[in-house]
Amino acid sequence: MWALKIACIGAGYVGGPTMAMIAYKCPDIEVTVVDINEARISAWKSDILPIYEPGLDHIVKAARDRGNLQFSSDVTKHVAAADIIFVSVNTPTKVQGVGAGKAADLTYWEKAARMIATVSTTSKIVVEKSTVLRRNCRDPSIHFEILSNPEFLAEGTAIADLESPDRVLIGGKETVSGRRADVQQVGHAIGTDSRIGHKFLNASVGFGGSCFQKDILNLVYICETVGLQQVADYWHSVVHINNYQKQRFVGRIIEAMFNTISGKIVTVLGFAFKKDTGDTRETPAIDVCKGLLNDNAQLHIHDPKVSEAQIRQDLATSPFQWDHPGTVANCKAAERDSIRVFDNAVDACKDSHAIVVLTEWKEFAKYDYTAIWDTMVKPAFIFDGRNVLDHDHLRSLGFIVYALGKPLDPFIQRIYS
């Protein structure tokens with residue numbers, strides 16, 4: 001007999017790892033992750049999980065073997081039986097209608113809420129894990145206690161974040177007026193975020209991931225709706241600068257390679273938006289690759305954790321489509337001859353004119369670049385968009401190196417001047 005039953009709606013990057021950790025730490029609680037995507041549920045039940053996260057395999061297997069973690073596509077059954085329901089569904093940016101391109105699309109959240117209300121026969125605690133802004137959980141029934149517990153997981157370190165979070169945010173029914181907020185308390189709370197500091201002060205080709213741009217645009221929309229246009233413009237400029245950074249990087253590549261990459265092979269190392277994850281949502285690699293393809297480059301792409309099918313799908317998908325399952329399913333994956341995906345990085349570099357590093361995988365720094373140099377067309381370029389390689393060593397081998405925020409290679413300096 002279980003002390004408590006928990007159901008989580010949504011078996012994605014947040015719901016899966018979070019529920020696995022709860023089940024792992026609380027053996028007397030039955031945890032069930034439900035999702036209408038049967039293929040995803042089957043993957044969670046298998047030995048090959050649908051997402052890559054260091055340490056996740058062990059946590060899931062231990063809890064599954066113990067019997068208090070299960071995955072099911074029978075959503076209504078487990079939601080009806082649960083004492084606590086976590087909602088971890090997509091809240092993508094709207095692609096049409098009022099607030100398109102900025103506001104959060106709450107379609108999936110509302111469907112989940114209506115389903116919970118329909119199938120529940122006993123009082124429950126409903127916990128919102130999806131990243132939506134305040135005011136989106138009003139008018140709860142008397143049968144439900146509504147809590148907001150937004151996730152602060154960083155992909156690649158999700159297990160460590162769950163075991164030792166540097167902060168936990170829980171919101172419920174208002175007990176005091178928001179007009180009594182203390183800016184010093186707010187500042188202290190924000191300052192507990194370990195990401196504010198040196199961890200996020202590294203030069204790169206741009207930020208990515210499922211939440212950064214989406215949540216900034218949602219904040220822009222909220223500011224506009226309450227008449228704070230100057231504040232909205234400020235935050236919107238963050239997205240503009242991020243897009244500019246990616247466009248500028250592509251321009252630098254083309255300019256350095258004698259103002260043309262038409263017909264040239266460019267090897268892209270890394271497609272995920274960051275290391276230690278296979279997540280490609282809003283990865284800068286998509287825009288960089290599309291920019292190179294638009295100049296008729298031939299791309300050789302390698303990422304240790306991203307499948308060829310995912311890469312081709314992403315390069316065939318328009319902005320904001322990645323988080324809308326119905327839309328993405330109808331997109332034809334990129335099948336152009338100018339894209340080749342390799343399982344082996346060394347093979348991907350053969351006969352290429354340039355290497356472009358777009359994800360900070362540690363293994364990229366360990367390759368035998370002497371052997372890689374021998375297989376490339378000369379002059380051989382390396383554009384390090386993550387500053388993970390040994391640039392002095394590469395130059396000693398004969399590579400022409402461009403690194404973000406670093407002194408320019410003399411060859412490139414002459415071209416750019």
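Backbone N, Cα and C atoms are what each Cβ position is placed from, and that goes for glycine too.
What TrEMBL says about this one:
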{"type": "BINDING", "residues": "D35, R40, T91, T131, E155, K214, R281", "note": "NAD(+) binding site"}
{"type": "BINDING", "residues": "F152, L153, A154, E155, F200, L201, N202, A203, S204, G208, K274", "note": "substrate binding site"}
{"type": "ACT_SITE", "residues": "C211", "note": "active site, nucleophile"}
{"type": "DOMAIN", "residues": "267-391", "note": "domain 'UDP-glucose/GDP-mannose dehydrogenase C-terminal'"}
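The two recorded residues, C211 (active site, nucleophile) and S204 (substrate binding site), show a Cα separation of 18 Å. Put simply, R281 is the one of the binding-site residues D35, R40, T91, K214, R281 whose Cα lies nearest to the Cα of S204 (substrate binding site). In the domain 'UDP-glucose/GDP-mannose dehydrogenase C-terminal' (267-391), the DSSP tally of helix, strand and coil residues is 42 helix, 19 strand, 64 coil. On a Cα basis, A154 (substrate binding site) lies 22 Å away from D35 (NAD(+) binding site).
The number of other Cβ atoms within 10 Å of the Cβ belonging to K214 (NAD(+) binding site), over all protein chains shown, comes to 22.
Around F200 (substrate binding site), no same-chain residue six or more apart in sequence has its CB under 8 Å from its CB. When the alpha carbons of R281 (NAD(+) binding site) and A154 (substrate binding site) are compared, the span between them is 14 angstrom.
The most crowded of the binding-site residues listed here (T91, N202, S204) is T91, judged by how many other CB atoms sit within 10 Å of its own CB. Geometry remark: K274 (substrate binding site) versus R40 (NAD(+) binding site), CA distance 22 Å.
Checked against A154 (substrate binding site) by C-alpha proximity, the binding-site residues R40, T91, K214 yield K214 as the nearest. Calculated from their C-alpha atoms, the gap between T91 (NAD(+) binding site) and N202 (substrate binding site) amounts to 28 Å. Sequence-distant neighbours of R40 (NAD(+) binding site) (same chain, six or more apart, CB under 8 Å from its CB) are A11, G12, P50, listed in sequence order. Cα of N202 (substrate binding site) to Cα of K214 (NAD(+) binding site): a distance of 21 Å.
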